[in-house]
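Let me begin by presenting the structure, written as structure tokens, before commenting on it.
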Amino acid sequence: MNNKEKTNYQGKKKFGKKPSDRQKQDRRKNFYNNPRKSSDIKIGDEIPLKIKRLGINGEGIGYYQRTICFIKGALPGEKVVASITDVHPRFINGEVSKIKKISPDRVKPIDAYAGEVGGFELEHLAYPAQLEFKRDVIRQSLTKFRPEGYKRFELLPTIGMEKPLEYRNKAQFQVRRLDGKVAAGLYKEGTHDLVDLPTCSVQHPLTMEIIRIAVELFEKYNVSIYDEQTHTGSLKTIVVRVADATKETQVVFITNTPELEHVDEIIDELAAQFPEIVSFMQNLNPSRESLIWGDKTLNLRGKDTIREELDGLSFNLSARAFFQLNPKQTSVLYAETRKALELSPDDNLVDAYSGVGTIGLSLAAQAKEVRGMDNIESAIEDANENAKINGIENAHYEFGTAEKVLPKWLHAGFKPNSIVVDPPRVGLDNKLITAILESAPEHFTYVSCNPSTLARDLVRIVEKYDVEYIQSIDMFPQTARVEAVVKLKRK
Ligand code: SAH
């Protein structure tokens, strides 16, 4: 304890006075800057920890001398020895080096490199416990932001998949030479070190088979592979997307230079082995930046798009078009959204953050009118095109941010009685919340992919709406990602 703390403490005792703001500030400063014992810890140290729970990114949380520690690969209830990888004034990161007491929920990960690259961070946790974790993350976020009445919110058990594997319809793998050999996979977390992924249990098997054969062909034809260090070579990334309903598949080669040697022979061989591939495209990305896609996409052979079907609707997916990554759970997600919205034939529905219009179009038959918006112009073109393809005449999509477009519509006299929002991880813009609270549609459903911003947004939303329930849905088994449908009812 330093002198200042002593004075404060004694002062409080003697005079029974509350500490001044200044004193509080000083104490807080001391708390974070003043070394507790734990800050003697250095990178590489090994410390014993008891794991209390899982944090929002799937790491095990334990406390060392009251400092929070995030330990990759550790599970609640376990006693571990953690190897420290990072020390911050307020928290410590580490990874498991030894497990002294093992959780009964620990399972052997299917993928050998689980934990090394993103996308499998919970593969060592039994699936029922993964589902419980996802509900708990929502509970943790609500406890942090405390929207009024949060203790009474009904958190329904997470809806999982019967087979929580092989669900990802798209693989977007970097291609590099590792020790002279062609490799295709993902980067190690937080680095640009490629990990070759010969198998990947969450990917649709066809995407993996195609990539493995493609890698052999790149080797056979000695294709020029991109080198990040020297910014030379051509092939950077291979993208394979399969449409779950039709099995139509698209392969995209993303290249640094326009020419890709022997691409015709490679396409011949791939097409002969995989009749599912109906579209071969090339995307040109000469930039040094780490953005994956460039602006120019060319057709190499076959169609420009693949056809996917969802809930009886057809969608043409171009190489860049956004489409949910887990088609089976997307049907579940939309069914839950439909249930929460309780549409009637006279309803005007807003589909905010619409993407290519999948939610709104799947609900259009049950409403009088659907209007949606998205801030990506090509997504809006696709959404309107998708309405046309499916003969839907009462849905219209407009380019622009939700926070600008909704107030504009309201100003022009549009009266929605139902709204669904499906924002990205940043959650809702404050101006959009204001517009929703002012127009107060009777039914409001919030589809969230980030429990933190959801809990934050609910603080304002509950001024006018009751939370009837929060239904978590597992869109990404084996990962820590959490998706939820929140049913809101006007007070
Ligand atoms: N509802 C769609 C897409 C949801 S993803 C589906 O189920 O497939 C979130 C979408 O929000 C993305 O398409 C993104 O382009 C869009 N977006 C991001 N910020 C936005 C904003 N401020 N206003 C409107 N749309 C936005």
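The backbone N, Cα and C atoms fix where each Cβ goes, and this holds for glycine too.
TrEMBL entries are annotated by machine, without manual review.
Per TrEMBL, the feature region 'Disordered' maps to 1-39. Taken from TrEMBL, the feature domain 'TRAM' applies to 40-98. Here TrEMBL flags Q324, Y353, D374, D422 as S-adenosyl-L-methionine binding site. Residues or ranges marked as active site, nucleophile in TrEMBL: C449. The active site feature in TrEMBL is assigned to C449.
Of all residue pairs in the S-adenosyl-L-methionine-binding list (Q324, Y353, D374, D422), the one with the greatest Cα separation is 15 Å apart. Residue counts for the domain 'TRAM' (40-98) under DSSP, split into helix (H, G, I), strand (E, B) and coil, are 1 helix, 35 strand, 23 coil. Over the domain 'TRAM' (40-98) the predicted model carries a mean pLDDT of 94. For the pair D422 (S-adenosyl-L-methionine binding site) and C449 (active site, nucleophile), the C-alpha distance works out to 8 angstrom. Neighbours of the S-adenosyl-L-methionine site: apart from Q324, Y353, D374, D422, residues of the same chain with C-beta atoms within 8 angstroms of the site's C-beta centroid are F322, S354, G355, T358, I359, P423, P424, V447.
In sequence order, P423, P424, R425, M475, R481, V482, E483 are the residues near the residue listed as 'active site, nucleophile', counting only same-chain partners six or more apart with C-beta under 8 A. All chains included, 20 other C-beta atoms sit within 10 angstroms of the C-beta of Y353 (S-adenosyl-L-methionine binding site). For D422 (S-adenosyl-L-methionine binding site), the number of other Cβ atoms no farther than 10 Å from its own Cβ, over all displayed protein chains, is 24.
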